[in-house]
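Got a structure for you, written out below as structure tokens; questions coming shortly.
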Amino acid sequence: MKKVFIRTFGCQMNEYDSDKMLAVLAEEHGGIEQVTQADEADIILFNTCSVREKAQEKVFSDLGRVRPLKEKKPGLIIGVAGCVASQEGENIIKRAPYVDVVFGPQTLHRLPKMIVDKETSGLSQVDISFPEIEKFDHLPPARVEGGAAFVSIMEGCSKYCSFCVVPYTRGEEFSRPLNDVLTEIANLAQQGVKEINLLGQNVNAYRGEMDDGEICDFATLLRIVHEIPGIERMRFTTSHPREFTDSIIECYRDLPKLVSHLHLPIQSGSDRVLSAMKRGYTALEYKSIIRKLRAIRPDLCLSSDFIVGFPGETEREFEQTLKLVKDIAFDLSFVFIYSPRPGTPAANLHDDTPHEEKVRRLEALNEVIEAETARINQTMIGTVQRCLVEGISKKDPDQLQARTANNRVVNFTGTPDMINQMIDLEITEAYTFSLRGKIVEA
């Protein structure tokens, strides 16, 4: 049985893709063994992220570390997948000639054939094309062991924000046909999955073709998935404010399975910076979306992405972001220092903000967000939360770990038969990034 080591960088879409790489290899070889140490593997894969420079350079650092393994085991296959593969292509082979296969997010289904071609010809294989929907037509049926699962409903992005490489590495937006998505979710539900997370770079741009040739939008998809037997909870990641329509907002009013948690990236609170980023909305328009959502779901927890130190960002513009964060009361969020990416329009902008100042802004924004997260955690003490039990606690092997609808980890004392089940937990203690709870007796 082939032994496979895979390291995944970046977003949840990459996590989904990594699972699919393992699936296509398992189908090809009649099963595989996933190992946690690279030196045990017959196949080593790096599923990469190019959103930030540090993530990209870490890939080449990791490749350097596995190079000696290739010298010891000439038959070892080393592969680079994901967005760095799409961006760099043949340059990866030039920089690291011991790499055997390089493939992008849309060609991962071709991995088994690429490995065969490498072994037959002795030549490194590169395929970073964008065949769109073909990938999903060639993936084996989803198999899961947990109570939650990702389902990719669309890929790519056509927004072309000035700082972002996604349209260049994952291609333009394309949606899976509605029936394909529903079949996968129904199959997962039959395997015991309770929670579905619909994935895409911009899920609210979903336009899936139906059997009659009509187009299904994202709000309609949510309503259909809501009625699939066995699915008890729904999430989606990630959405774009520009297409967050009233019909999607109304889903929060009508669909109780849709969790009271939303990740909606704003990036900045400054209209000038948002314009320079080519985001396509203003801070006021973003606030309007949130106001409508919270009128329907007062308990909605909102997370976001922020970039500090975007070229030309002034102190006043940063203060506008800080004020927006306080006004909206963002929950757990991701704050990054701007990282110029080759080939994007923003990479050509003049940047005169010292790195030390960018770090200060990063820390100041994180401080405000973490304080709000801690406040929300405290308000949950004494409440009863419906939770999905994920497995053994990462903090204490004698405890279990569950997740609330608003994306909190709850550690509690339970029994193994509770894993992958939905249970009610009373929150007894709150910490910075987790909660403690106890089972509510029936």
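Even glycines carry a Cβ here, placed using N, Cα and C.
Pulled these features from Swiss-Prot for this protein:
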- Cys11, Cys49, Cys83: [4Fe-4S] cluster 1 binding site (BINDING)
- Cys157, Cys161, Cys164: [4Fe-4S] cluster 2 binding site (BINDING)
- 2-120: domain 'MTTase N-terminal' (DOMAIN)
- 143-375: domain 'Radical SAM core' (DOMAIN)
- 378-441: domain 'TRAM' (DOMAIN)
Cys11, Cys49, Cys83, Cys157, Cys164: which of these binding-site residues has the sparsest Cβ neighbourhood within 10 Å?
Cys11
Applying the rule Cβ within 8 Å of the centroid of the Cβ atoms of Cys157, Cys161, Cys164, what extra residues of the same chain belong around the [4Fe-4S] cluster 2 site?
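Filtered neighbour residues, in order: Lys159, Tyr160, Phe163, Val165, Val166, Pro167, Gln201.
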Provide, as an integer number of angstrom, the distance between the C-alpha atoms of Cys11 ([4Fe-4S] cluster 1 binding site) and Cys161 ([4Fe-4S] cluster 2 binding site).
17
Suppose you look only at the domain 'MTTase N-terminal' (2-120); what would the mean pLDDT be?
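Its mean pLDDT is 90.
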Could you put numbers on the helix, strand and coil content of the domain 'MTTase N-terminal' (2-120), residue by residue per DSSP?
70 helix, 24 strand, 25 coil
Determine the Cβ neighbour count for Cys161 ([4Fe-4S] cluster 2 binding site): the number of other Cβ atoms within 10 Å of its Cβ.
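Result for Cys161 ([4Fe-4S] cluster 2 binding site): 21 other Cβ atoms within 10 Å.
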If you measure Cys161 ([4Fe-4S] cluster 2 binding site) to Cys83 ([4Fe-4S] cluster 1 binding site) at Cα, how many Å is it?
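Roughly 16 Å, rounded to the nearest whole number.
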According to DSSP, how is the domain 'TRAM' (378-441) divided among helix, strand and coil residues?
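DSSP composition of the domain 'TRAM' (378-441): 5 helix, 31 strand, 28 coil.
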Using the alpha carbons only, what distance in Å do you get between Cys49 ([4Fe-4S] cluster 1 binding site) and Cys164 ([4Fe-4S] cluster 2 binding site) once rounded?
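Per the Cα atoms, Cys49 ([4Fe-4S] cluster 1 binding site) and Cys164 ([4Fe-4S] cluster 2 binding site) stand 12 Å apart.
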